[in-house]
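So the structure is just underneath, and the comments pick up after that.
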Amino acid sequence: MGPGPSRAAGVLRPLLGMLALMVAASNRAASAFNLDTRFLVVKEAGNPGSLFGYSVALHRQTERQQRYLLLAGAPRDLAVPDGYTNRTGAVYLCPLTAHKNDCERMDIKEKSNPNHIIEDMWLGVTVASQGPAGRVLVCAHRYTQVLWSGSEDQRRMVGKCYVRGNDLELDARDDWQTYHNEMCNSNTDYLETGMCQLGTSGGFTQNTVYFGAPGAYNWKGNSYMIQRKDWDLSEYSYKDPEDQGNLYIGYTMQVGSAILHPTNITIVTGAPRHQHVGAVFLLSQEAGGDLRRRQVLEGTQVGAYFGSAIALADLNNDGWQDLLVGAPYYFERKEEVGGAIYIFMNQAGTSFPDHPSLLLHGPSRSAFGFSVASIGDVNQDGFQDIAVGAPFEGLGKVYIYHGSSRGLLRQPQQVIHGEQLGLPGLATFGYSLSGQMDVDENFYPDLLVGSLSDRIVLLRARPVINILHKTLVAKPSILDPAFCTATSCVQVELCFAYNQSAGNPNYRRNITLAYTLEADRDRRPPRLHFARSQSAVFHGFFSMPEMRCQTLELLLMDNVRDKLRPITISMNYSLPLRLPDRPQLGLGSLDAYPVLNQAQALENHTEVQFQKECGQDNRCDSNLQMRAAFVSELGQRLSRLQYRRDLRKLLLSINVTNTPSRKRAGEDAHEALLTLEVPPTLLLSSVRPPGACQANETIVCELGNPFKRNQRMELLIAFEVIGVTLHTRELQAQLQLSTSSHQDDLRPMTLPLLVDYTLQASLSMVNHRLQSFFGGTVMGESGMKTVEDVGSPLKYEFQVGPMGEGLAALGTLVLGLEWPYEVSNGKWLLYPTEITVHGNGSWHCQPPGDLINPLNLTLSVPGDGPPSPQRRRRQLDPGGGQGPPPVTLAAAKKAKSEIQLSCGSDHTHCVWLECPIPDAPVITNVTIQARVWNSTFIEDYRDFDRVRVASWATLFLRTGVPTINMENKTVRFSVDIDSDLVEELPAEIELWLVLVAVSAGLLLLGLIILLLWKCGFFKRARTRALYEAKRQKAEMKSQPSETERLTEDY
């Protein structure tokens, strides 16, 4: 026996295995609509594990008694005890009561014998009702006939279907019930119809009964139909050959008219394994009992089981049935999608599109689309609705989708969660569905939902209320605050009426609406409030049908600024109902629990205008215009800002007008504002006129409320300039005029201001004028070894003040010097020996051209040995000393003869020296050490008492950025070189040496006196000798001194 397909053997077992591995999927939000989940009718199986609810149907019994029944198939139910059979399945009929266990077993008399096997025949795999006053179809697709060949038997699982009367009893007088319905030949094998499994699907129309047989022809499958017209009976089957088996044609089946023909019927049958992607065949009747293929709609994903569930419904009310196809195993891993419903909209009876008009998805692992059913117009809006089961999403869910003039709405209008029903043991809720019948006779069709957990649930539809004449009127419609009283400014009148969407004229229930009125909802603070309170919100109740209208008073708030835009008074309403917190069992009337039609707007609004001087149309057409410019403190327009660190203020001049033009009336501009957005470098300092502007994240200036016709206004805004850097190229302000009056040409104005950054570095010298000397002997270059051999030292110290911000890669600060290098005949003048830079660190500067110490003479080290013989006389301070400058002989003589050598003269040849100055926040010292070339001065300037050598140094900026500049700083420097030095002042003698010398002198003087006395020096001489001595002394006094003799030579 081949593995014949069935919802039991081929689908149920793997699904039951999957159920243990499923996880609860995320809940999909959907507002509850009119299928009630609080007052339930629940039925349970008497025998657990019978799969009670595997198939369900709603049925109306009109014979013998008037009642509505819930039909449930239990294909694994125990058999009626006969001593031979254990399990056959069953069909139960359940009355509409509050009891769970009052279902009755339908009497299907079938006994087991050697020629056929009813054990495990799955009676109840298909249950269908023909509709009001119609018959009932029950199938057992695993019914097996036995062929005997001697002692051996061959079993043929051909399936069997039973038709019973409206009262679910067998009426032998009814040909529908007595006909054998044996469409499959058990004398053939599985390659023909010997394993057809008839009844896997089936149903009724008014004059036909149809069956699906997916096991026929090697499980290619087939569809059968029996049609009765008066006393004629015709059998139809699909006999077109297919290329392969295992298509499962007939797995599901629907028959109806207005599909591909206005009146003729079309058979729609699913083949979920066609080409591995599944398909739906559309078949039509042909003469001779054949069903001809008209169209095949194929699935899009392998293994999705496209075609395992189908439904027909006129979704857009165009008179043609549209097609819905389930693919419960469709998935998109990245999108967390599990299951799909394909919607094919009928193209006016010609065909269906090859691709779905709409594709609905369910959550991952939900088997969304395992069941799908047309449930009628559940909300009575004129369009058919559908239900989709997702039995493995949590405990199971049922999605309700509504039809519309555009077709099926994409979003579900209601999602019914199995968890919310509060039924212990419930699982796989939504496994089977049946609708299109109003079992509680409230004019709304209800829905029966089955499961694999031996439970079925009836969900009844609640009445839907349409709110009519929801009028909201405000008086006066144009408000003049001058006419407001202490108790009222505005009167609001609201009126309601309703009807039932099903049009039941007897439905006259007392309904109370809860409504909320809100004044100026979109503005804070609001401009109106209700007289009963200080609030702009009012909550009230409205009883229908007794109450017709209500009137409320509103007052105007104080200090209302906005008198241009209307005040909107909005109203929304709802229908509060007291429902039980938990679901209850019972069949009480749902008329007391209506719901509002969600397709209607649940709110309304009206507007109140202010009285304005804006013409007869009450619309203010303003003509705000603006001119703006950055200006200097003298009022001059600026196109470029010359920025310096000491710059503090920048002014912005703005002129605003509201004058009529040819295009605009120039009427009052209400709530006229000027908004400025400026960069963080501009900080608001002051405004003229004072108080016109306020600064927060932006600068907002109030121009007037209103800014009247022909009014003009000038604003002068002062900014403090902070944070401008070398990278700042432009300052940009954006200005925007706004008004609540009508003016649609207001555009932002962008006001750019280019920035030229002026650096403010400084240059100074420690000593602008140095003094030195020359003298001694002439020495050639070849004889010089150290810089001391060149001449007396010079030391120039320049100080560069910090410029504030570092240039980095934007440029370089450079100290340049015109250096007196040679005299006109090419002899050395001032010989540079070393340039050092001290800032953030210390380093040597080497200008290009090998101009510093080009002879590579050995530099002097401070403190090394005595000076050379040429420097034995006292040397002059080379500059930078703390004491007074030494006085030369020439200086003492007031420099009788002097010559000046300077760069730019014919006597001097100068070279250009450059040293880059690094970025530093501190003063940078540049020290230039040099030597007077002694030999040049001795040879060429020995006739001069003083030679003055003068030049200059310039600090300048070298950059390629045109917006960065700096004023060059120039200092002049010189050195006076004298031809000789004054004699050195005597050195100070220590006190103890003076005392010793005085004592020694006194001792020597005493010894001399003693010797003179011994020699008789002190004895009185004769008179003659005395005179001779005096004469001699006088002669001595007349002789000139040595100094006098020296001066007489000059």
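Keep in mind that glycine also has a Cβ here, set from the backbone N, Cα and C atoms.
Between C489 and the candidates C484, C495, Swiss-Prot annotates a single disulfide bond, the one to C484. Looking at 139-145, 762-768, 1014-1020, the range tied to region 'Interaction with HPS5' in Swiss-Prot is 1014-1020. In the structure shown, across all protein chains, C139 is the one of the disulfide-bonded residues C139, C161 with the greatest number of other Cβ atoms within 10 Å. Taking a C-beta cut-off of under 8 angstroms and a sequence separation of 6 or more, C701 (disulfide bond) has the following same-chain neighbours: L673, L674, T675, L676, V687, A692, C693, Q694, L715. Ranked by Cβ neighbours within 10 A across all protein chains shown, the recorded positions C196, C484, C910, C915, C1015 are led by C196. The disulfide-bonded residues recorded for this entry are C94, C139, C549, and the Cα of C549 lies nearest to that of C910 (disulfide bond). Comparing the disulfide-bonded residues C103, C614, C693 by how many other C-beta atoms lie within 10 angstroms of each C-beta, the top residue is C103.
Of all the Cβ atoms in the protein chains shown, 12 others lie within 10 Å of the Cβ of C549 (disulfide bond).
Listed in sequence order, K43, L69, L70, L71, A72, D102, C103, E104, I456 are the same-chain residues six or more apart from C94 (disulfide bond) with CB atoms under 8 A from its CB. Among the recorded positions C161, C495, C614, C620, C1015, the residue whose Cα lies closest in space to that of C484 (disulfide bond) is C614. Separation of the C-alpha atoms of C495 (disulfide bond) and C614 (disulfide bond): 33 Å, rounded to the nearest whole number. Comparing CA positions across the recorded positions C196, C489, C620, C915, C1015, the one lying closest to C139 (disulfide bond) turns out to be C196. Between the CA atoms of C915 (disulfide bond) and C549 (disulfide bond) there is a gap of 95 Å, rounded to the nearest whole number.
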